Amino acid sequence: MSEVESREKEPDAGLSPDIVQATLPFLSSDDIKNLSQTNKYYNTLLDFDHSKILWHELFHKAFGTLKTNDEPFQGRNSAEFKTCTETILREAFPTLSWQEVYQLRAYDAKFYSWGYLKHGRLGYTASSNNELVATSLNGPSPRFKYGVNTPTEVPWFNSRTTSRTSNFTPSEDPLSAIKKDGDEIIAQVSSGGFSFQILTESGNLYSSGSTFSGGLKGPGPSGSQHDYNPFREMIHNMERSYPRITSRSNGSTVNTTGTFSGRRMSGSHPSTAYEPGNATTAQHITIDSGGAPAASPGGSHSGVPRTTMPSMGPHENIYSQIEMLERSANKAVPGNNHIRRMFARNSFPLYSGRDENLGSFNDIQFVAVSSGRSHFLAMDTDNNIYSWDSTESDQGVKIEFANLPSRATNPILKIASGWNFNCCYIYKVGLVAWKERDAIQKGESFAFAKYEIVPNTNDVNGDSRIVDFACLQDNCVFFINNNGDKLWKYHNGLNQIVDLNIVGKLCKINACFASLVLFTDTHCYTLKVTNGDVDKDSLTELDINENVISVASGDYHTVALTERGHLYSWGIESQDCGCLGLGPSEKIVNELHIGNWEGQRNIRVVKPTKIELPEDYICVSVTAGGWQTGALIIKKH
């Protein structure tokens with residue numbers, strides 16, 4: 001066969017280019033790579049060196065946050081679909097290829113944070129981050145600081161991803177090289193009330209600070225229920241296996257797992273430590289007022305020799321195995337103990353109640369994360385979702401929905417977290433919200449959510465098809481549909497229309513504790529919200545002379561991101577925390593005259609004010625929660 005005849009035959013070796021392009025959004029990057037290696041036809045069609053379509057789709061998958069409500073579904077009123085990040089990067093780097101844009105986002109985007117310092121929530125403390133300068137810290141004295149008032153880079157992995165800047169050797173396959181570096185490439189950052197959640201390109205999930213809950217209950221077990229805790233059970237069983245010593249003088253008991261000022265107790269197993277000649281297990285040992293041991297009433301032996309009593313030094317650490325297991329579940333970023341990796345309970349067979357392979361580990365990979373006030377929700381590569389919602393554990397709980405269709409036919413398309421509840425959009429089911437779940441019992445691998453289905457949100461093609469949704473508190477959900485002419489609110493089992501005097505078709509919404517942001521195809525508006533009730537009189541068009549494409553809100557402050565990669569902030573900076581990122585408090589009030597004191601340490605900035613980044617720096621993603629703000633920032637070369 002001639003070369004010409006061969007080329008003519010090649011299209012018969014696979015699907016047409018249009019069909020392949022249409023299927024790319026439904027394939028993982030590994031699937032696409034494998035498909036490209038199937039034969040010459042697919043290898044040419046999916047050319048990793050020259051295909052714009054391929055790298056554009058790979059960019060969406062890696063950095064588009066398509067599985068959370070950070071980005072809306074593509075609606076009838078949407079133009080060509082673009083994520084916020086790609087809009088900014090195409091504006092800033094119009095001449096780069098999609099492969100170059102992908103590599104720029106992967107290697108040059110660094111995580112910056114600012115705001116309240118308490119509990120290391122920013123990913124660092126005042127003394128642990130070398131990037132901090134004195135003028136960036138708010139506080140009454142050099143030794144006592146409240147917060148960080150300017151965007152500051154967070155200490156992250158210090159390996160070749162820091163210096164590589166997307167330069168590959170001629171022999172390297174760029175996608176494979178990026179995959180190798182995936183553990184250190186930040187794909188998404190989400191902010192809760194007391195921490196940031198950081199998702200890497202490889203699917204690892206991290207959380208900043210010492211607590212994501214702040215000691216507050218999230219949408220976890222109902223009432224006073226508690227999840228099964230294997231660590232607590234192991235400790236209880238270990239301590240029970242040691243005998244207790246009863247004093248004849250006052251009848252008090254002492255657990256022998258404590259430390260004694262004497263010889264280490266004899267025997268290598270707790271059940272034989274006080275048994276002469278391997279007798280049956282001693283349950284109680286009685287000590288008279290002089291300290292001499294005597295047989296416990298009803299005991300099987302007449303006395304315990306004095307040599308079996310501890311007489312010097314503490315016994316061996318009976319908790320060593322538990323401590324080893326806990327250490328395996330607490331992995332920090334190298335060189336930064338203020339950012340820890342987060343795992344699901346299902347990663348550890350220990351939680352199943354089985355004794356075998358206690359140290360084994362199942363590495364679950366996540367593709368999306370969304371944060372609430374004291375909890376967060378993540379989705380894995382198999383379309384399972386996990387909720388970190390308890391003050392008692394740092395491990396996520398797998399969530400299931402009783403009496404709903406299988407994920408195989410009705411997958412979860414997006415996840416979201418409100419102030420005190422979780423929500424997701426399930427194909428042909430609609431919006432599903434819950435603020436409680438069952439407690440996990442021993443041997444169980446998941447918990448059932450106590451959910452509500454938002455009525456009339458299951459349409460997948462028509463006018464009522466959901467385009468975007470936003471979560472407030474107590475299962476209150478705002479949403480918009482394909483028509484784009486109405487804002488809907490679901491609360492207490494009912495859907496209501498919120499009538500507003502706005503211009504344009506609604507295409508995107510954002511909400512937090514006390515605010516609601518509406519995007520139309522021509523304008524951007526803000527509204528105040530109190531206990532789910534919209535203050536219609538507070539409707540305000542954003543006064544920013546740039547096109548705003550993303551907005552994030554904390555408790556009382558808001559940050560906007562424009563298509564040019566600029567940041568603007570306004571609202572209340574509580575307790576001198578620095579969350580607005582506009583500099584020292586005195587400068588905001590006395591020099592720039594853009595804010596006013598409210599009380600002793602609160603500052604209000606009414607008009608959106610530009611956050612000054614270093615020259616040639618742009619922001620590609622912003623998040624906020626509580627009293628802190630975070631952003632992914634790139635230096636333009």
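Cβ atoms here come from the backbone N, Cα and C positions, even for glycine.
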Residue from S222, S252, S266 to which Swiss-Prot assigns phosphoserine: S266
Phosphoserine per Swiss-Prot (candidates: S16, S296): S16
Other CB atoms, at most 10 A from the CB of S16 (phosphoserine): 10
Local backbone state of S16 (phosphoserine), from DSSP in three classes: coil
Stretch-averaged pLDDT - the repeat 'RCC1 2' (565-635): 96
